[in-house]
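Trainee: Residues annotated as domain 'ABC-2 type transporter transmembrane' in TrEMBL: A:17-365. The annotation transmembrane segment is assigned in TrEMBL to A:20-38, A:177-199, A:219-246, A:258-278, A:290-308, A:350-368.
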Amino acid sequence: MFFNELKYFILSALREKRMIFWLMIFPMLLGTLFKLTMSDLSDKQFKFKAIPTAVVEESDNSIFHDVVKQVSEGDDALLNVTFTDKEKAEKLLNDGEVEGIITSADTISLTVSGSDIEETVLKSFTDRYLTQEKLMKDAAKKDPAKLPAMIEAMSADLDVLKEEPVTKGSNDRYLTYFYNLLAMVAACSSVTGLSVVTRNEADQSALGARKCCSPTPKLISTLAVMLGCWAVSAVCMLISVTFLTFVLKVDFGDNVALVYAAGILGSIMGSSMGFMIASLVRGSYEKKNTVAMIVSLGGNFLSGLMIADIKPVIMEKAPMLNTFNPAAVICDCLYYLNIDSDLSRYSGKMVQMLVMAVAFTLIGFVFTRRRKYASI
Amino acid sequence: MADTLIKIDSLVKRYGELIALDHLALEIKQGEVFGLLGPNGSGKTTTINCLLSLLSYDKGTIKIFGKDMSPTAYDIKRDIGVIMQNVAVYDELTVQENIDYFCGLYITDKTQRGQYVEDAIKFVGLEDFRKFRPKKLSGGLLRRLNIACGIAHKPKLIILDEPTVAVDPQSRNKILEGIEELNRNGATIIYTSHYMEEVEQICTRIAIMDKGKKIAEGTKEELTAMIKNTETIKVTLHELPDAVLSEISALPHVYSTDFTDETLTVSCSGGKHNLIRVLEVLQNHDMHIGRVTTEQPTLNDVFLEITGKALRDKEE
């Protein structure tokens, strides 16, 4: 009886178009949309090319010359320098061939034609050079042998784009949207959890009434459908993580296996939440479904699916809400997995998800244990 | 005398102030096709739901196969097949999968279940539709699938709650023939309907319900014998003088006459040769007689006489 119930639940759930759309197709579409939008943003904001710059040397400043050469070399060069005279430099600037002109005369001056990020970087470069130039000149007078090393150190200091990894994981700031996407898949698994009640309760559907007339004990039927819900949700999550990781090439960090584990546990928690909601909310399937969607998508909103900056606000204003919001728990779990060098915080969130899943399931069982109905 | 299969005593079910079942008592024997007849809202489905322990009730006892019925009486449920008023099948499963699933709630042996599923498919004539999903089936075929899901496990007691609602006449006949065949094969049937023709056609014993009460019970003949009317004579005439109408009203066994829209209606209670006497009076007065019909009382007449209202609205 148990396996008959389990087999046909999984079969019917995997054929249910609405469920497949929300738990498989929609996350793929949204993930693809995120990827297209965010890879464009990432390219614009974070992958700087060396800034084309004209340098006009009207005086013999060897320190400046060496520093400029230093920051113009290598794969991660800050500047793409053209040494030229003033007239040609101005023509290059007017033609848009360079972003600015740095003139080395009695002092160092900068000429730019706009105020984009490239111009800001050039301004920052020249300002910091001027700050450190005097110190270097004094030091050079005392110990000229140390000058090359000092120039190199100064170049490194001026290379404002050089990355300093603080974690072993991915630094993509937009990764939080993909965490939220997985949290959404998990939270939307609550739709599957509704089936536990609607398919088994005589006052919910004709199917439920027919099943209640059969000699299959309700506990067995409920357990089988619950297990089926977990299995279907887990499969949907596996597909979503696989699609994001291997098709869209979203960088979830080094340990993808643990991303799968967090996702699957999250989806189990989500479907258990649906079971609990369906057992607590009295009324039609539509009513239960509405409440489940509000809770799921509301949780996703508060954890930053639609607006990434909302989560810090919730953490500050209502930390308890963040602690027990299932979507936020999944996001945090994935975030900790990515940024932490050890798994302690990740493990803590995994345990929390497990506890919440068990609690949701138990509450669901308690509120569906009645066997006769006052009305059908 | 056949064994009593179901015994319901003094069953009371209330919905707040409304009394849905009012001290209902029924006894159904093994091998019967027992009809529960009554208008919508009379308490038929509530009776079935209480019988199946789906609904809680305020008072009374229900015994099936000699045992108290309860939600956990799995040994009783094993031998009951239920066909609900609303079609209860999975849209995502095929015809064969649906029958196999519901049969699997009763039969654990896979080989036996396979055979039972085949038998059920053949019984309802869905051999050509076994791979179809329910949404691809017509209303009549869907009802047949619904029945197959309820009887595939070969139950001893089959409860059908208005199984022919919104079904075309051809499918309805097929369903009724199937029910009679199930009964011939040994199953006891409880059949609820507000279609008196169906109940008259297949039921061996009938209980008529109204407002949660059983108002009459017996065979069709026993029920029709309960009422005053035994024969209704209708004669089409161009005109009928009051004197002639009075003469007909004075005939023996005639208790009611009416002449409306060129039709004379004469209601008789008992007696023989009532039609001959009426026609003799008309011929004696040289009346031009048109169409003549005579009708035996129906269950609707029984219901009408007992409650003062018809079983069904005219549009039904």
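Backbone N, Cα and C atoms are what each Cβ position is placed from, and that goes for glycine too.
Help me picture where these features are in the structure shown.
Mentor: Here the transmembrane segment (A:177-199) has Cβ contacts under 8 Å with residues 9, 13, 18-19, 22-23, 26-27, 30-31, 34, 38, 205, 207-208, 211, 222, 225-226, 229, 232-233, 236-237, 240-241, 244, 250, 252, 259, 262-263, 266-279, 285, 288-289, 292-293, 295-297, 299-300, 303-305, 308, 326-328, 330-331, 334-335, 364, 368 of the same chain, all six or more residues outside its ends.
When Cβ-Cβ distances below 8 Å are used as the criterion, the transmembrane segment (A:258-278) is approached by residues 182-183, 185-194, 196-198, 226, 229-230, 232-234, 236-238, 240-241, 245, 252, 288, 291-292, 295-296, 326, 329-330, 333-334, 337, 343, 346, 349-350, 353-354, 356-358, 360-361, 363-364, 367 of the same chain, each at least six residues removed from its ends.
Within the same chain, residues 176-177, 180-181, 183-184, 187-188, 190-191, 193-194, 270, 273-274, 277-278, 281, 314, 321-322, 325-328, 330-331 sit at least 6 positions outside the transmembrane segment (A:290-308) and bring their C-beta atoms closer than 8 Å to a C-beta of that stretch.
Below 8 angstroms of C-beta separation, residues 193, 196-197, 200-201, 218, 222, 226, 261-262, 265-266, 268-269, 272-273, 275-276, 278-280, 324, 326, 329-330, 333 of the same chain, each at least six residues beyond the ends of the transmembrane segment (A:350-368), sit close to that stretch.
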Trainee: For the transmembrane segment (A:20-38), give me same-chain residues lying six or more residues beyond its boundaries with a C-beta closer than 8 angstroms to one of its C-beta atoms, as numbers and ranges.
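Mentor: Same-chain residues near the transmembrane segment (A:20-38) but 6 or more away: 14, 174, 177-178, 181-182, 184-185, 188-189, 191-192, 232-233, 236, 239-240, 243-244, 248, 250.
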